[in-house]
Amino acid sequence: MTSSLHRPFRVPWLLWAVLLVSTTAASQNQERLCAFKDPYQQDLGIGESRISHENGTILCSKGSTCYGLWEKSKGDINLVKQGCWSHIGDPQECHYEECVVTTTPPSIQNGTYRFCCCSTDLCNVNFTENFPPPDTTPLSPPHSFNRDETIIIALASVSVLAVLIVALCFGYRMLTGDRKQGLHSMNMMEAAAAEPSLDLDNLKLLELIGRGRYGAVYKGSLDERPVAVKVFSFANRQNFINEKNIYRVPLMEHDNIARFIVGDERLTADGRMEYLLVMEYYPNGSLCKYLSLHTSDWVSSCRLAHSVTRGLAYLHTELPRGDHYKPAISHRDLNSRNVLVKNDGACVISDFGLSMRLTGNRLVRPGEEDNAAISEVGTIRYMAPEVLEGAVNLRDCESALKQVDMYALGLIYWEVFMRCTDLFPGESVPDYQMAFQTEVGNHPTFEDMQVLVSREKQRPKFPEAWKENSLAVRSLKETIEDCWDQDAEARLTAQCAEERMAELMMIWERNKSVSPTVNPMSTAMQNERNLSHNRRVPKIGPYPDYSSSSYIEDSIHHTDSIVKNISSEHSMSSTPLTIGEKNRNSINYERQQAQARIPSPETSVTSLSTNTTTTNTTGLTPSTGMTTISEMPYPDETHLHATNVAQSIGPTPVCLQLTEEDLETNKLDPKEVDKNLKESSDENLMEHSLKQFSGPDPLSSTSSSLLYPLIKLAVEVTGQQDFTQAANGQACLIPDVPPAQIYPLPKQQNLPKRPTSLPLNTKNSTKEPRLKFGNKHKSNLKQVETGVAKMNTINAAEPHVVTVTMNGVAGRSHNVNSHAATTQYANGAVPAGQAANIVAHRSQEMLQNQFIGEDTRLNINSSPDEHEPLLRREQQAGHDEGVLDRLVDRRERPLEGGRTNSNNNNSNPCSEQDILTQGVTSTAADPGPSKPRRAQRPNSLDLSATNILDGSSIQIGESTQDGKSGSGEKIKRRVKTPYSLKRWRPSTWVISTEPLDCEVNNNGSDRAVHSKSSTAVYLAEGGTATTTVSKDIGMNCL
């Protein structure tokens, strides 16, 4: 019973207790009257006769006792149940006459229930509490066991976790070395780095070099070695620590970073603490001081700028190498005072008091908190716009601070090259000025720089001398502007700027013979090309030497035409070309030689050059003889001189139908010309660059191309040149050359680049034969500068030089005397009396050789020199017109006294049968009334045809033209309009030297008119020859 009292009270137990009482009542010898209350009205087998509901009692069976159950909560006692209690166990448990609670209340309902039993009648009406106070720490054995187990498990988990954390921290430090994310000093290797073992007691401060914001710099002596000592006060201790730590970063040694020796601290005589940084001594001092005392040439200036850039690029580079790691470093105070100059002319970067180590988006700078401001530091004059505005990109600190350094580097570039002597040719170099010194003076304020740099977006001004169109100067200006760009993201990186500075030095190396600045009308590409063939003959003759950069103003006046020439090459060789040398500027050379033999325009006579040029090639290339004939007033005033009669097997005259207009000129589209006029010098420079690298140089010694100008067919010769005697009444003779010595002309491919000459095409006879230029005879070629051709109207009449060339054989890798004889004449005479039967078979063989293949066709897709004009300088028209007037008079009147007609009208006319044997058909022009008129110079380089009779014969149209005569201009450059090589006429080349009218002859005349002076050039057994066309017959014989 005792154990049951100690157990927690539950309602089912009470029911079982009542059941037990009821079941054992029968065993009791005495009936007991007890108080009764049962709210649940459970039927426990008690008869209704025993329960008295009026007074709430029950008559218990014998052996039963009374019990009561109360609930005590919040000071109130509520009766739960009363009745008879029949128990099994010790009867002494309920031997009390009163209902006394002697046991501790059970834990049911937090100990609020009270139970008692007694053995007298109605003893259970009330109850009495009589039990000891409960224990303050009563713990049941199961609960104590669970608590101890929880404590043990928690302690073990914490211990294991602590061990893991310690192991991870140790492993992280071992793997990353001195790296740490954050702003605090954590570099284990750096902290463990040993200072150089130097005794600072031997350090002596000799003289003060300079003083800055954070200390003074002295020249000192350490162990009898000159050193520079930077002294910091106690107030600037943080700058000392930071600069010392930057110098001690692993892999910090570099040629363009100041060499650090040792850093230490000491007490002064008055007890103050000072900090010393001992560094290598640089006698030239800072870059600012050096530039104020010295000027430099282009190479030295590039060396200064390149070395600073190289040092900054190394600072900005993150460099892991083995066990060492160098983070990227931002200087943050880069200016010309913090750059030192070494004895070899290179620079080193110093003063790292404000520098930061950069690790991604975080910074490493000892002594600063995470929210430390990284803006508004450094020298105000060199602050970038974003720093002045307080708009540094804190999300990408690494890139932002590098861009700040690049802005300052651009200002240093400007300071360095403002003292470059090569950039100020012909004038004194300006005194040294710091950046923005002209705008804000020597002591600018923060607000001044904000207004100037951030709001007004101004930068230091480039001088007028830097406005020249030079590749070097232009690249320099672009580099500087890309460094100090207003947009920080658009600035160059230090590595890119280093490459650009190296390229500037390479440009100078390639252009040693010229200054980096050139004349305005010259392009950098012309400088490059002029260097490859700078051997020029001296200027000879009455006319100035026009270089490739010359251009011609558009003019319709006769003698008021203005020719501007600004040479991009200031130095010329004083040694003339001799035999055996290859002159690449052949057109210019020919013109100079011709001018040298002309005393004046008024007394021009025919002269023959005796100087020849030879070409050494590595392959078998055709060799052609070349000579120059200038204008001849008249045969009776002077005579033709010839030397070295050609050695030929059997000279044979050749008779061919003289034709003109096998070539057709593609006229320029005015829209295309306008487009060319609008092109800037930048596009011209790019065009020249692309042209240079798009194909091989046609003038190189290894090129197999033979290039022919359109007006003067000038080619180069190998070996000794011979000339035949040409006099009045003597025909032009062509020597017989053995077929074994004839080699086909090389094939000239149509390279995909800008053509350098006019194309070939045959005009349809149904089309209009000429292009109308209008009343003022203006050319459709407009003025174009630098790289675009210009053509003026040409009104003055003048006989043009005719070059007669013949191919010989050039041996491999050595010179061979050519067997080809070349005879040249201008409006010369050809005698009659040549045998027609010899002409027939000789001309037939020549025409067959022309149709062999493409390799035998001469290509005129390019000229011998892309720098030189297509036309020679025109002679003054005063005396020449008089000469041509006499020529016209002689053409119009019959022969007198057997004298040969100067225009070959009656010189050995060939029979029609001879002409048909060559496959060439001629149609005689109907005679018409002859009207004497004055010959005039053509308005443009026009080779269009008037009438086409068949595939091999073309009649030359002629019409009258009115206009004033005047001196013409020459074409200095090719027009950029693309030409196409449409079709070859393999039978003949016809290049007219007689001007054709600017208006179309549409007067309905049946007479086929001819040019008074034309030249037909044709191939004959691998050679070339020229002759003139007759006005009456339209053909002539050689």
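Numbering starts at 1 and runs along the chain as displayed.
Each Cβ is built from the backbone N, Cα and C atoms, and glycine gets one as well.
According to DSSP, Tyr282 (ATP binding site) is assigned to coil rather than to any helix or strand. Feature annotation from Swiss-Prot assigns ATP binding site to 209-217, Lys230, 280-282, 337-338, Asp351; the stated evidence is sequence analysis.
Per Swiss-Prot, compositional bias 'Low complexity' is recorded for 603-626.
The disulfide bond annotation in Swiss-Prot covers Cys34-Cys66 (among others). Cys34 (disulfide bond) falls within a strand segment according to DSSP. For Cys34 (disulfide bond), applying a Cβ distance below 8 Å and a minimum sequence separation of six or more within one chain yields Thr57, Ile58, Cys60, Ser64, Thr65, Cys66, Tyr67, Gln82, Gly83, Cys84, Trp85, Asp121, Leu122, Cys123, Asn124.
The annotation disulfide bond is assigned in Swiss-Prot to Cys60-Cys84 (among others) on the grounds of similarity to another entry.
When secondary structure is read from DSSP and collapsed to three states, Cys117 (disulfide bond) falls in the strand class. The disulfide bond annotation in Swiss-Prot covers Cys94-Cys117 (among others).
Under a cutoff of 8 A between CB atoms, and with a sequence separation of 6+ in the same chain, the neighbours of Cys116 (disulfide bond) are Tyr67, Gly68, Tyr96, Cys99, Val100, Val101, Thr102, Asn124, Phe127, Thr128. Residues annotated as disulfide bond in Swiss-Prot: Cys99-Cys116 (among others).
Swiss-Prot lists Cys118-Cys123 (among others) with the feature disulfide bond, giving similarity to another entry as the kind of evidence.
Residues or ranges marked as phosphoserine by Swiss-Prot on the basis of similarity to another entry: Ser586 (among others).
If you look up Swiss-Prot, you'll see Ser680 (among others) marked as phosphoserine.
Per Swiss-Prot, phosphoserine is recorded for Ser681 (among others).
Feature annotation from Swiss-Prot assigns phosphoserine to Ser843 (among others); the stated evidence is a large-scale study or a structure entry.
Summarising the annotation, Swiss-Prot assigns region 'Disordered' to 593-626 (among others).
Positions annotated as region 'Disordered' by Swiss-Prot: 746-769 (among others).
According to Swiss-Prot, the region 'Disordered' annotation covers 872-974 (among others).
Annotation comment: Swiss-Prot describes 27-150 as topological domain 'Extracellular'.
Per Swiss-Prot, transmembrane segment is recorded for 151-171, and the stated evidence type is sequence analysis.
Recorded residues Tyr282 (ATP binding site) and Cys117 (disulfide bond) have their alpha carbons 113 Å apart, per Cα-Cα distance.
In the structure shown, across all protein chains, Cys84 is the one of the disulfide-bonded residues Cys84, Cys94, Cys118, Cys123 with the greatest number of other Cβ atoms within 10 Å. Put simply, Arg213 is the one of the binding-site residues Arg211, Arg213, Glu280, Asn338 whose Cα lies nearest to the Cα of Cys94 (disulfide bond). Per-residue pLDDT, averaged across the topological domain 'Extracellular' (27-150), gives 75. For the pair Val217 (ATP binding site) and Cys117 (disulfide bond), the C-alpha distance works out to 106 angstrom.
Every protein chain considered, the tally of other Cβ atoms within 10 Å of the Cβ of Cys117 (disulfide bond) stands at 28. In sequence order, Val227, Ala228, Ala258, Arg259, Ile261 constitute the residues six or more apart from Glu280 (ATP binding site) in its chain with CB-CB distances below 8 Å. With a 10 A radius on its CB, Cys99 (disulfide bond) counts 27 other CB atoms from all the protein chains. A distance of 110 Å separates the Cα atom of Cys118 (disulfide bond) from that of Arg211 (ATP binding site).
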